[in-house]
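J.: Okay, here's the structure, questions in a sec.
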Amino acid sequence: MAVSAGHSRLYSRHSLETCILENSASRNDKDLTTLNRPASLPTRSAGPGWRFYAAFGCLCLVNLVCALDATSLAVAIPIVAEKLHGTAIEASWWGTSFLLTATVFQPTFASLSHVFGRKALLLIALTFFTAGAIVAALAYNSTVMIVGRSIQGVGGGGISALTYVIVTDMVTLQERGKWFGLISMMWALGSVLGPVIGGVIAEKTSWRYIFWLNLPFCALAFTTIPVFLQMKPVQGNMKEKLARVDWLGSFLFVASITAILIPLTWGGVMYPWNHWRTLVPLVVGCVGMALFALWSCTMPVEPILRGSLFKSPTALVSYFGTIVHGMFLWSVLYYMPLYFEGAKGMSPISAGIALFPWTFTTGPAAVVVGLIVAKTGKYTWAIWLGWVLTAAGASVMTLFKADTKTAEWIPLSLISGLGMGILYPAMSFAIQASASNRDLPSAAALYSFFRNFGQMLGVAVGGAIFQNQVKRNMLQYPDLADKAVDYSKDASALVEVIKIMPESRNALKGELITSYVESLRMLWLVMFVLALVALVIAAIYTKSISLERELETEQGFSGGKIKPVDFEMAVRNPESAGTKRIVSIHGT
């Protein structure tokens, strides 16, 4: 198959060996000649060998560890806060700081991987994650815990983004869905096991083991990644590589996104939404993003984000859909446990188990859709079906009450769980199909970034909706009116208030639970509207783009069955490359 100018044809293993041997025989040369492939030569997938599965297993391992860490602390926060003498606001930042840094550093890690190599940046991200786990495990107050979680978030975000980038180097576009689906299953599995493991550890042993538990898995990853994840090295010396880095763009992006996300997390909790501490950072962040966009369009070196990533209408609506998907996903993971604990009176461990209808369906649904799309090459149906189920699931969640029976809420919860699972690979396909071969790794990383960005917005928007609605609901009850402002500040703190109320105040407790559930109903109504909007614009603007595309990558995976060579040059002039052997076969 012909490729672009300056590139050579790529042949199958059989035809390549046959032609090379025939050419060699005509020259009566027993010594085959090896040719160094030019840096720009595209590579193609040669079928998975054992090294491929081992390398992909490494990616699954590090993502599972990140998922476990991101979710295991949530149910243990009350116990950890008591041990560290932390306030409710400080405790909320243990999770927020992780998600914040995990979001803002993803594009930077992806950009640096183009310059310094995927494997090197993945190991650096793993180092940050491990170091943060150690700091958090040794924390003696809330400040140290926040520092540790922030460091962990940097590593976790890098691991998440680089996983998607590396998979684009390993398999063709049409085949990626099933592999992305398996990565999604790791996060779903971590979301299932994390709260249960965290709750058991916090109740039965020391909460510090939540973080110490990461270290054996990190050690295994440090050992296996250098061995199995063999990627083509990036050419150039250190001086040349440093000159390629978009230093100013990286700074503007990280600083601006941070300035936007921080006030979104503390707005209405630490400071009112109209307070200058909330408004000023938002304005500064928006101005910074405008400067970043201007710089990226005019700079002479490689930008952290190329403008070509945002030219396709399919890509734009898919980015929006990915944000909404992240918002809905994190709203479920964050607020549904509070519903089960506050309205149903469940323990933290039981609340984690009650999430199974969502967490046990997302992963398998993602894998199945990935397999179907890989077989058919069509993905638009999955986007539409995913949004229909997600919107329907959000609408039925508005029916949840304090006395909703288990036999009712479990099947109703499966609807949105399936929808979210379907959207995982579907949105990724749309984003990557709309990107050029050059932009594919960056597009994959952007998918991860926008999903994390949506998760941050989900917590922030959910908090704002809850605060305003619960305050309005409490004002309707005379016995609660004087406490409406205090009780509405923190959804998780209100759960503890409900739990410790004595039986003598059951009437007041019932009113408080009703206010709580009604407030969550408004949240699911907003999520329903957002899902409906995402469905409509996806149906209008998402185009069906062919997924049949050869794998072209700067840093091809070296664990396949055949190493790409410059075949035409080899046939014309075996000595032209300055070497003496053509050896293209890799062991599997």
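Glycine is no exception: its Cβ is also placed from the backbone N, Cα and C atoms.
When I checked TrEMBL for this same protein, it listed these features:
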- 55-546: domain 'Major facilitator superfamily (MFS) profile' (DOMAIN)
- 120-140: transmembrane segment (TRANSMEM)
- 146-167: transmembrane segment (TRANSMEM)
- 179-197: transmembrane segment (TRANSMEM)
- 209-229: transmembrane segment (TRANSMEM)
- 250-269: transmembrane segment (TRANSMEM)
- 275-295: transmembrane segment (TRANSMEM)
- 316-337: transmembrane segment (TRANSMEM)
- 349-374: transmembrane segment (TRANSMEM)
- 381-400: transmembrane segment (TRANSMEM)
- 412-431: transmembrane segment (TRANSMEM)
- 443-466: transmembrane segment (TRANSMEM)
- 522-541: transmembrane segment (TRANSMEM)
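Help me understand the surroundings of these features in the structure.
T.: Averaged across the domain 'Major facilitator superfamily (MFS) profile' (55-546), pLDDT for the predicted model comes to 85.
Distant neighbours of the transmembrane segment (120-140): 62, 65-66, 69, 84, 109, 112-113, 147-159, 162, 166, 208, 210-212, 214-215, 218, 221-222, 225-226, 229; these residues of the same chain sit at least 6 beyond its ends, with a Cβ under 8 Å from one of its Cβ atoms.
Panel annotation: around the transmembrane segment (209-229), residues 51, 54-55, 57-59, 61-62, 64-65, 68-69, 72-73, 76, 118-119, 122-123, 126, 129-130, 133-134, 136-137, 148, 166, 197-198, 201-202, 557, 559 of the same chain, lying at least six beyond its termini, place a Cβ under 8 Å from a Cβ of the stretch.
Outside the transmembrane segment (349-374), and at least 6 residues removed from its termini, the chain residues within Cβ reach (under 8 Å) are 75, 174-182, 184-189, 191-192, 194-196, 198-200, 203, 332-333, 336-338, 340-341, 382, 386, 410-411, 413-414, 416-418, 420-422, 424-426, 429, 547.
The list of residues near the transmembrane segment (381-400) in space but at least 6 beyond its ends in sequence, with Cβ under 8 angstroms from a Cβ of it, reads 318, 321, 325, 328, 339, 369, 372-373, 409, 412-413, 415-423, 425-427, 429-430, 517, 520-521, 524-525, 527-528, 531-532, 534-535, 538-539, 542.
Counting residues 6+ beyond its ends, the transmembrane segment (412-431) has Cβ neighbours under 8 Å at 164, 173, 176-178, 180-181, 184, 188, 314-315, 318-319, 321-322, 325, 328-329, 332, 357-366, 369-370, 373, 379-380, 382-383, 385-394, 396-397, 399-400, 443-444, 446-447, 531, 542, 545, 547 in the same chain.
When Cβ-Cβ distances below 8 Å are used as the criterion, the transmembrane segment (443-466) is approached by residues 96, 99-100, 102-103, 106-107, 109-110, 157, 160-165, 167-168, 257, 261, 264-265, 267-269, 273, 305, 309, 315, 319, 322-331, 334-335, 427-428, 431-432, 434-435, 488, 491, 519-520, 522-523, 526 of the same chain, each at least six residues removed from its ends.
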J.: Report, as numbers and ranges, every residue of the chain located at least six residues beyond the transmembrane segment (146-167) whose Cβ falls under 8 Å of a Cβ in that stretch; write 'none' if there are none.
T.: 56, 59, 62-63, 66, 69-70, 90, 93-95, 97-107, 109-110, 113, 118, 121-122, 124-139, 176, 179-180, 183, 211, 229, 231, 428, 441-442, 444-445, 447-449, 452, 557
J.: Sequence-remote contacts (6 or more beyond its ends) of the transmembrane segment (522-541), Cβ cut-off under 8 Å?
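T.: Answer is 313-314, 316-318, 320-321, 324-325, 327-328, 331, 335, 383-384, 387-388, 390-391, 394-395, 397-398, 400, 419, 461-462, 465-466, 469.
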